[in-house]
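Asks: Before anything else, here's the structure in question.
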2 protein chains.
Amino acid sequence: MDHRESDEVVESSVGGVAPRDMENNASSFFDDEEMGIRDPLLRWQTGNTTSQLAVVGANVCPIESLDYEVVENDIYKEDWRSRKKEQIFQYVLLKWTFALLIGLATGLVGFFNNLAVENIAGFKWLLTSNLMLKHRYHEAFAVFAGCNASLAAAASALCAYLAPAAAGSGIPEVKAYLNGIDAHPILAPSTLFVKIFGSICGVSAGFVLGKEGPMVHTGACIASLLGQGGSRKYHLTWTWLRYFKNDRDRRDLITCGAAAGVAAAFRAPLGGVLFAYEEAASWWRSALLWRTFFTTAVVAVVLRTFVYFCRSGNCGLFGKGGLIMFDLSSNISAYGTPDLIAVVLLGVIGGVLGSLYNFLIDKTLRKYSIINERGVPFKILHAVAISLLTSCCSYGLPWLVKCTPCPPDILDQCPTIGRSGNYKNFLCPPNHYNDLASLFLNTNDDAIRNLFSGGTNNEFHISTLIIFFAGVYCLGIVTYGIAIPSGLFIPVILAGASYGRLVGTLLGPISKLDEGLFALLGAASFLGGTMRMTVSVCVILLELTNDLMILPFVMLVLLISKTVADCFNKGVYDQMVKLKGFPFMEAHAEPYMRNLKAGDVVSGPLITLAGVEKVGNIVHALKWTRHNGFPVVNEPPFSDARELCGLALKSHLLVLLKGKGFTKERVSTGAADVLRRFDPFDFAKAGSGKGVKLEELDIDDAEMEMYVDLHPIVNRSPYTVKETMSLAKAAVLFRELGLRHLCVVPKSPGGSPVAGILTRHDFMPEHILGRFPHLKNH
Amino acid sequence: MDHRESDEVVESSVGGVAPRDMENNASSFFDDEEMGIRDPLLRWQTGNTTSQLAVVGANVCPIESLDYEVVENDIYKEDWRSRKKEQIFQYVLLKWTFALLIGLATGLVGFFNNLAVENIAGFKWLLTSNLMLKHRYHEAFAVFAGCNASLAAAASALCAYLAPAAAGSGIPEVKAYLNGIDAHPILAPSTLFVKIFGSICGVSAGFVLGKEGPMVHTGACIASLLGQGGSRKYHLTWTWLRYFKNDRDRRDLITCGAAAGVAAAFRAPLGGVLFAYEEAASWWRSALLWRTFFTTAVVAVVLRTFVYFCRSGNCGLFGKGGLIMFDLSSNISAYGTPDLIAVVLLGVIGGVLGSLYNFLIDKTLRKYSIINERGVPFKILHAVAISLLTSCCSYGLPWLVKCTPCPPDILDQCPTIGRSGNYKNFLCPPNHYNDLASLFLNTNDDAIRNLFSGGTNNEFHISTLIIFFAGVYCLGIVTYGIAIPSGLFIPVILAGASYGRLVGTLLGPISKLDEGLFALLGAASFLGGTMRMTVSVCVILLELTNDLMILPFVMLVLLISKTVADCFNKGVYDQMVKLKGFPFMEAHAEPYMRNLKAGDVVSGPLITLAGVEKVGNIVHALKWTRHNGFPVVNEPPFSDARELCGLALKSHLLVLLKGKGFTKERVSTGAADVLRRFDPFDFAKAGSGKGVKLEELDIDDAEMEMYVDLHPIVNRSPYTVKETMSLAKAAVLFRELGLRHLCVVPKSPGGSPVAGILTRHDFMPEHILGRFPHLKNH
C-alpha cells in the first residue's frame, strides 16, 4: 500500500520521537524513549478494540486531508469558463456576508455565554450567601456543592451522550482541521450545541476552566455550518453557494470563526486575528488577514452594543464591564535593575512551570483514558467527583486563613458582601476580610480581576497566594481531561497571576513595580510557558488590560518563558494534537528527511487505472484499498506511449460511476459526454461525510464488464517530483502548496510512468522513523 | 531567449493593465489604457538613453531574483553532512545575536534621529521667535526660510551625489527586496549613511514629510550590513557566518530590520512586527514572527532607556514624551447613530481622498522625472524650491487668519510662546492665539499632537482646518518626489487628522464624540485609503495613542476606506513598486493565467549544457546570454538515455570555471575532485554584487577546448512542471516555493528532455499580456 489515507481510524504508530526543527533542537529531559510523551493514545490496532473515546473528545473518525491544489480537469475548466463577472462579484460579496454572519453569530453566542454564566453564578451566590449570613455553614456548603455538582453532571451528560467531540478545549481540533484533517464530528451541529451549553454549565459550575477554547471551537462550528450552507439536502443549491464547495473557502471561513471566537471570549478583536494567524491556521493568505479582521471587528461591535444595553441593568445579574475586562492602569514611570531581574525571574519560573504543566496534563489525560473507556456513566461520575473536589477547595480552604483588617485608606468598599468585589467578608468580623475567599469563592474572572488589581499592595498574604496557586495549578490539571468543554486560558492565567503576585509580594521591599503588574507578568509568563504563543498572547493581554505601557515587559517575559519552556517539551496544543493522533503536518521538514529520497518512502504495489478503464476494476480498487487518489496511466491507442495522464480522485470516481453512462467498447467518450450528463457542481467537494459512498453504487454484473472514460475527471497536471528528489524538498512542496497527493515519477523515462504517490502520512515522522530507525540519531 | 533575468536594466514593458486578483476585480476610472498609471517609468530601451535616475531613487541596477529553493547538488550535500550539532547551535545563537544587534542599532539610530531633529528644529525656532518678538518679521522669515532651504539643499545634495537610491520612502525598495529583487545599492552602506543624515536634514527642514519610511529603510540597511558580515574582503569568514550565506537568512534579517525601523519610528513594537508581516514581507514563516518580535522588543527597550535618560534634561532641546507619542485619552462612554454615520462618512472620504492622493503622487513623480533627468544641480534646486514654497506656506498662511481668544476654562498654557504647545501666540494680543500657526508653524509631530488633542473642541476654526488640510495635502504630494529621504506616513496622518477634525467640528452639534477622536479617525481613514494596510495601521495607531477604547472605530473606518479606495487604484507602495519597474511577483496568479499553459510562455531557443561540457561553450553561453540558470542534459555514455540532469546556476559555473581543473578528455571527474579543490563555502551565495564576474575569468584558448564536469554543481532535483500545466498552477508553485527557475518538461517522453525554463519575468502580467493581448478582456 503506497498511499494510506485511512478512512477508518487514525493510523499513526511506532516510535516516540517528536518532530524537531532545527531551531528547537534541544533535548528533553521529560522525554523517555519507552513511553514518549507524544505517543498517540489511539493507534491502529487489529480489531479496533480501543474505545474511540479513550481520550475524551478524541475524534477518531474519517480523517481526510484537504487540499489546496486546483484539480485541473475538464470539469473544472468548464466550471471556470462558465463563471461570469457578476458571479465573481456575488462570490466576493458572499464571502464578506459570511464573514459578517460569523461575526454576528459568534458575538451573540459570546454575549449569551457571559450573560448565562453571570446569572447562574450570581444566583448560586445569592443562595449560598443568604445561608451563610444565617450561620448555616453546612447547609450553605451543601447548596454550593450541590449546585456545582448538578451543573457539572448536566454538562458532562450533554457532552458524553450527544457530542464527545465537544469535550476539552477544541483548539487542537480546530488547529488540526485547518491543517487539513477533516474529522467529521469536530465541527458538526451537535458539537456546536454541546459546546455552547456545556461550556455555560461548566463555567458556572465553578470549575477551574475557561470559556476561551470552547468559544474558539464554537466560532469554528458556526463558520462550518454556514460554509456547508449550500447543501443539496436542504435544496439550497443556488449558483452563489456552489463556489464555496471547495476546501480553501471552507477553511477560510473556519479561520474567521476561530478568530471571532477569541475576539468574543476575550473581547480582543486584534488578539483574535493574531491568534488565528499564529496558533490556529496552517496556511495563511493576506486576504485572510483582512477578512478575519472584519469578522472580529463585527464581534467587537456586537459585544459593545450588548454591554452598553446591559449597563442600565437590563440583564439580571450581568456584571458591569466594558469591552476591556480587567482594567489595569499601571503607572510605570521608572524601573531599576531589581525590577528587570524580577521580570527575568518570572519568565524563567513561567517557562519551567509551564512545561511541567504540559507534562502533567499529558500524563493525566493518559490516566483518564482508563476511566473514559469504561463508558458514559463513569465520565459523568468523574466530572461530579472533580466538581466536589473543586467545591471543597473553594469553600473549605478559606477557613484555613486568618481574617485581615481592611486597609484604612482604601477607595473600594471593604469588606464586600456581594457577589464580586475585592475584599470578601466570608465569616470575618466587620472591617475585616478573608483574602483567600476573595480569590477562591469568586468566579474565575473576578479572581483574576482581584489578582490584577493595582494599588492594592499587600492585600493578599504570602501564604494565601501559595495555597491559591497550588490549588489552582492542580485543579487546572485534573479538570482539563473531564468530559466537559473546558478552556485552558483561564486556569493558566489564574495560576500565573497568583505566582506573579507572590513574586511581587516577596520583592515588594526592593521593587517599585505594582503587585498587580507582577500578577499580569506572571500570567504572561505562564501563558508563554504552556501555549508558546507570543504575539497573540501579548496582544490579548494588552486588550484585556488596556495598558500599553506594560508592553515591553510583557514581551520580555514571553520571550524568556517560551525559550525556557521550549527546552523541555512542545506547546500544550501541539502536544494535544499528537496525543489525539491527528496526522498533523508540521510547517518544517525534519532535518533527517534530507537523508532520504522521495522514492524511499513510497512502496508498492501501486494501483493505477487506465484512461478508459473497466468498471469492475475501478469498483475493485475502490473497495479493496483506502486510497483517495489513483494515478491514471494512458496506453496506446489513447496516447503515443505509456504515460502518466494524471490523477483521479476517489470522490470523482464515485460520482462518475453513480452517473453510469458506461460503454461496451473500450472507447474514449470524451468530455462532452460527461459534461452533458453532469453539472460541474456535481463534482464539487461535498461537506464532510456527505459525498457519494461506495455502498450507494448499484452496479450489476453486466455493467462491471463495461468501460468508462476517466479522462474528463482526471487532474491532468498534478504536481510531480522525481524519485531522486530528497524527501525534505518534496515535503516543502507538499506542505507549502497544501497538497493531498504528490505523484512521484521515475528518474529515467522508460518503465512505469509513475513510481508512487506520497500522501500526508508518508511525511509523518512516526511513519518514516518506523521504517528507517537509523535516522533517529540524525 | 526563454529566460530573461536582466543583469543590466529592468526590462518590463508594454501594456498598462495592472494585476488584479479575483477579489479586487473592480474597474478603475483613473486607469486609461494609453498611459496606464502603473506603466513603469523605466523601460528597456535600445541604447539605454533613459537616465537611471529618472525617478529619484529608482534603482536600475543588477536585478536578481533570490530563491528559497534548496539547491541539492553534491556541494550542498557535503556542506550539510559536515555540519555538527554545535554548529547548528551556533547558527541559532547567531540568528538571535543578529536580531539583538539589529534591534540595538536601529533603536539607537531612531533615537539619534529624534534627538537631532528636535534639537535642530528647536534651535531654528529660537532664532525665529526672538526676531518675531522684536517685530522684525521679514528678518524672521528670512532666517526661517534660509535655515529650511540650506537644510534642504544639504539633504538633497547628500542624496543626489552619494546615494540616489536613498531618495523617497524606501518602503517600496525594501518590499521589492523581500520579494526577491536584489538591486545592489538599495541596501548599500552609502544608502544607509544618506538615509540617516538626509532624513534628519529633511525632517528638520520643515518639509511635509516623515521619518517613518526612511527608518524602515535604515533598519533594513543595518540588517543587510550585518548579514553581509562574513565577507572574504574583510577576512571575516569564520565557520559561524558561512551559514548565513543564503538568501533566506539574509531576507529574514532584513525583515527584522524593517520591523525594527517601524518600531523605532513610531515607538510601536507590535506595529513593527505586523507591518513587516502585512506590508513588507512576501514570504513569511512563523519562526520569523518570533524573531521580529524579539527585535522590536529590543528597540522598545532601547528607546525607553534613552527617553528616560533624556527626561532629566540631558539632551538639549529634546522634547518630553514617553514611549507613547500622542497620548490621547478619549472617553467614549456612549455613541449614537449620528456618530456611526460620521464614522462611515469619514471612511468614505478617506477612501476617495486616499486614492486621489495615490493618483496625484504618481502623476507628480512622472512630471518630476523630467527635472531629475537634467542632472544633479537641478535636483538640488528642485528641493530648495519646494523648501521655499513650504516655508512660505508655514510662515505666510497664518497671517490670513484672525486671532482667537483663549478659552477661559483651559488647563494648558494659553497662549504659548515656546517651541511646542497647543495655542501659539504668533502676533496675537495677550490671551489670544493663532490657530493656524499652532498647526503650520510647528514640527509635524506637534501639529499632529495638537490635532489629536482631546477636550479642546472648537480650538480650530473651520476655515483654519480647511486651509491647513489643503496646504498639507498639496505639499505632501509635491514634496514626495524630491531627492530627499521622505516618508509618507506623517503627511498622510497630518492631512487625515485635519479633515477628520474638520468633520468633527462640523458635526459638533450632533455628535457626542470628541474632536480629537475625529482627527484620529480621519488619520486612520486616510492611511487606509493610501497605504491599504489594515491590521498594522490599526496597531500602530493604538500604540501611538495608547487608547484601546477606540479600536472598533478605527477598525471600521479602516475597513471602509480601504474598500472604497480599492475600487479606484492600488496602494501607494504597490504603485511605487510598479512605477520603479521592479519585477514584483504578486501573491496571487492572475485569472487569465488559467487560460494559458506553462509551455505557452516559454520560448526557444533554449540553451542547455551537457553534463561534461566544453569550457568554450560554457563561456560562450555566459557571455552571450543573461540567463542565470542553465538546464544540464545528460547524454549517453553519461546516462542511459538523453535526460534532464538538473540545473546549473551561473554563479556556480563562474566559481567552477575560476577554479580551473579542466580535463582534456570528455570524462566525468566526479564530485570528489571538485570537493578536494573547493570548500563548499566557495559556492555559497555572495553578497549582492560581490560574486565572481565573467570578466575576472582568465581562460586561454587551449583551455577553451578542454572539458569540465558540471555534475557536482548541478542541482539534481529542481522542481519541474509539465508543459501542459496551466500557467496559473505553475505560478502558484513558483510563488509559494519562492523559486528562481522552474524547469518545464515536455508532456511526452522522447524528444528534448526539457521544454524550457520559467523565470520571474515570465509571470509578469506585462510580459504575458504583451504576448497574448486577447487575454486582456478576461
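Easy rule for this one: first residue shown is 1, then count along the chain.
Glycine is treated like the rest: Cβ placed from N, Cα and C.
The structure displayed is predicted, hence computed values, not measured ones.
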Asks: Tell me which range among A:186-209, A:378-401 TrEMBL lists as transmembrane segment.
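Replies: Spelled out, TrEMBL records transmembrane segment over residues A:186-209, not the other listed ranges.
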Asks: Please spell out the DSSP helix, strand and coil residue counts for the domain 'CBS' (A:714-774).
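Replies: Residue counts for the domain 'CBS' (A:714-774) by secondary structure: 23 helix, 14 strand, 24 coil.
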Asks: Do we see three or more Cβ pairs under 8 Å linking the transmembrane segment (A:465-496) and the transmembrane segment (A:88-109), pairs being at least 6 apart in sequence?
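Replies: Answer no: the transmembrane segment (A:465-496) and the transmembrane segment (A:88-109) share fewer than 3 Cβ pairs below 8 Å.
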Asks: Report, as numbers and ranges, every residue of the chain located at least six residues beyond the transmembrane segment (A:517-542) whose Cβ falls under 8 Å of a Cβ in that stretch; write 'none' if there are none.
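Replies: For the transmembrane segment (A:517-542), the sequence-distant neighbours (Cβ-Cβ under 8 Å, at least 6 residues beyond its ends) are 262, 266, 268, 270-271, 274-275, 277-279, 328, 330, 332, 342-343, 346-347, 349-355, 357-358, 448, 451-452, 454, 488-489, 492-493, 495-505, 507, 511, 548, 550-551, 553-555, 557-562, 564-566, 570-574.
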Asks: Looking only at residues six or more beyond either end of the transmembrane segment (A:88-109), which have a C-beta under 8 A from one in the stretch?
Replies: 196, 215, 218-219, 222-223, 226-227, 239-241, 243-244, 249, 252-253, 256-257, 260-261, 263-264, 291-292, 294-303, 306
Asks: Mean pLDDT for the domain 'CBS' (A:714-774), rounded to an integer?
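Replies: When the pLDDT values over the domain 'CBS' (A:714-774) are averaged, the result is 86.
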